[in-house]
Amino acid sequence: MANILQRLPIGEKVGIAFSGGLDTSAALHWMRAKGAVPYAYTANLGQPDESDYEEIPRKAMAYGAEKARLVECRSQLVAEGLAALQCGAFHVSTAGQTYFNTTPLGRAVTGTMLVAAMREDDVNIWGDGSTFKGNDIERFYRYGLLTNPNLRVYKPWLDQQFIDELGGRTEMAEYLIASGFEYKMSVEKAYSTDSNILGATHEAKDLEFLNKGMHIVHPIMGVAFWRDEVKIEKETVTIRFEEGYPVSINGREFGSALELFTEANVIGGRHGLGMSDQIENRIIEAKSRGIYEAPGLALLFIAYERLVTGIHNEDTIEQYRINGKKLGRLLYQGRWLDPQSLMLRESAQRWVAKAVTGEVTVELRRGNDYSIMDTSSANLTYKPERLTMEKGQEYFSPLDRIGQLTMRNLDIIDTRDKLSIYVSAGLLRGSSTTGVPQLPSGSDE
């Protein structure tokens, strides 16, 4: 059956994810004026650019909502963020700078918790501000239907009547003023911003042009570390993990993961840690560009990965990274709760994260410039005495190594024979100088 409504359902309850901004304010009032019964739901995700959450439901009621609710989502969002960290569920990176999937994590929490709140009010139609070109329209669709199998979706931005009447920001502002509301359009930024406690995303408008860099962005979770006038003092931070979870910062324990994460954001933000510029593939395979902030996740991830590499063996680390990239892409696609994701999550959280106990000390400087100063854990398999160049207890002898190297002769002989086959087939050319077959250079073809 079709779950997407192309026209406003007159006389029916319609839930809307309400931010209090121009778009959702105009949409809510328009739906009420056209005969629908709008219910407004606002997620408290710890958005750093939101000063008064309690005011948002009051705005919704003023614009015509039948009911307006503020849904507390911060603790759940932090829990999902830490799960992603434990799994390394981050697939977008450029030259070692990571995007921490903060928006996809926010959508997983919003899409499930708001729809669950709607069900409590017997609201089975919902809408939000996502456009047909982006990722969120699919993420919300998936999470919404997973939470409520009877859900129908109405999005004003897919309704041609709404588009014809209120197709732009100017038209929406004029509509609210004509309806008797005082509304003053804010100064248009050169880009759009979406944020939650895990991180911020800046994209669109001027940032669609690759000759516009990070420097046009005004960070909302940290400092503009690239500006010479911004003074940043280096800082040493010690983070402790127990069984994969961060439990203290600089020896201070917190009453909840939310409190700890809030402190990690403050510390990382002082340095502009975790900002990155990424080109990525959207779900529909078209490329987009974003500038990202995630100071707390970046700080915790440095410490977590340091412990992972010191505790686990190479094959485990390799599998953790491969699975993390797979899981990161699934998360990005709105599949965080799908069976294949749960399988990958359970594997990493049980067999990788559970062993991650210890402390890491990091010196933070400007931006993503940092040094790891100390690492300690009872679970470390890094033991310098095993490979020390100084005299001491021998874990293996020269004769042991001779035997090990002799066994390598078997695959070396096989490799040499294969190279000869490739020379005969014309895939490689023989070398009179090195004796080792070489790939042909471009000039040889």
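Here the Cβ of each residue, glycine as well, is placed from N, Cα and C on the backbone.
Annotated features in Swiss-Prot:
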BINDING   Ala17, Phe18, Ser19, Gly20, Gly21, Leu22, Asp23, Thr24, Ser25, Ala43, Gly129, Thr131, Asp136, Asp194  ATP binding site
BINDING   Tyr99, Asn135, Arg139, Ser192, Thr201, Glu203, Glu280  L-citrulline binding site
BINDING   Thr131, Asn135, Asp136  L-aspartate binding site
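Projection of Swiss-Prot feature records onto the structure.
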{"residue": "Ala17", "record": "ATP binding site", "CB count, 10 Å": "21"}
{"residue": "Ser19", "record": "ATP binding site", "CB count, 10 Å": "20"}
{"residue": "Gly21", "record": "ATP binding site", "CB count, 10 Å": "14"}
{"residue": "Asp23", "record": "ATP binding site", "CB count, 10 Å": "16"}
{"residue": "Thr131", "record": "L-aspartate binding site", "CB count, 10 Å": "10"}
{"residue": "Asn135", "record": "L-citrulline binding site", "CB count, 10 Å": "19"}
{"residue": "Asp136", "record": "ATP binding site", "CB count, 10 Å": "20"}
{"residue": "Arg139", "record": "L-citrulline binding site", "CB count, 10 Å": "25"}
{"residue": "Ser192", "record": "L-citrulline binding site", "CB count, 10 Å": "12"}
{"residue": "Thr201", "record": "L-citrulline binding site", "CB count, 10 Å": "21"}
Among Tyr99, Glu203, the most crowded of the binding-site residues [Cβ within 10 Å]: Tyr99
Sparsest-packed among the binding-site residues, when each Cβ's other Cβ atoms within 10 Å are tallied, from Ser25, Gly129, Glu280: Glu280
Cβ within 8 Å of the mean position of the Cβ atoms of Thr131, Asn135, Asp136: remaining residues of the chain near L-aspartate: Ser130, Phe132, Lys133, Gly134, Ile137, Glu138, Arg139
Rounded distance in angstrom between the Cα atoms of Ser192 (L-citrulline binding site) and Gly129 (ATP binding site): 13
Distance, Tyr99 (L-citrulline binding site) to Gly21 (ATP binding site) (CA atoms, angstrom): 26
For Ser192 (L-citrulline binding site): DSSP state (helix, strand, coil): strand
